[in-house]
Amino acid sequence: MLVLCVAAASAQITHVVGGELGWTVPSGSAYATWAATQTFTVGDTLLFNFTTGSHDVVQVKKADFDACTSTNPVGSVIGTGPAKIVLNTKGENFFICNFDSHCSLGQKLAINVTFSSGKATPPSGSGTPPSTTTPPSASGTPPSTTTPPSGSGTPPSTKTPQSSSGPSSAPPPAATGPPKSYAPRLAIASFSLTLLSIIVAFLF
């Protein structure tokens, strides 16, 4: 709240009526031209620069503004310059000089006052957070749920190559089998040859 108050206070502007011309009898529509270049908001201040005793300023309604009269003023007539008037009313505001024919000669000011644009900013900013919460929730869940099933399918396929190591151990037993089956025959053959050699040696 303090930050908003400080921002609102800094946004208030003091408008020097007429700029360098000040508040005096102008030539032509100088004040209408000046007002067209300004933006007036509630809380701003109008500064009327004039010499005390030569001019004054009073806020009036539109009918009195057009008739250049101050019979029904909105506020009191300010005769001491420079004069400051705070803009508290939204919409059209009218000011004239009450001296002689100064108003009819163009010393009159009509402005349009609006609310400060800073007050409209907070509502528009509050709409942003809801839109930012939607993307994270949508993108986070689908990838995490689909990844585990696909990853769990691969481990079973990798176990199959390991089972092939079993048949590789079968050849050693098969290689030792044949010598055992031929052992009796070899023993008989060697015995026969030994016996035969003894008989031959005996005969000769």
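Cβ atoms are placed via backbone N, Cα and C, with glycine included.
The shown structure was predicted, so the numbers you read here are calculated from the model rather than taken from an experiment.
Per TrEMBL, these features apply:
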SIGNAL    1-18  signal peptide
DOMAIN    13-115  domain 'Phytocyanin'
COMPBIAS  118-168  compositional bias 'Low complexity'
REGION    118-180  region 'Disordered'
TRANSMEM  182-203  transmembrane segment
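Sorting each residue of the domain 'Phytocyanin' (13-115) by its DSSP state yields 16 helix, 33 strand, 54 coil. A mean pLDDT of 96 is what the model gives for the domain 'Phytocyanin' (13-115).
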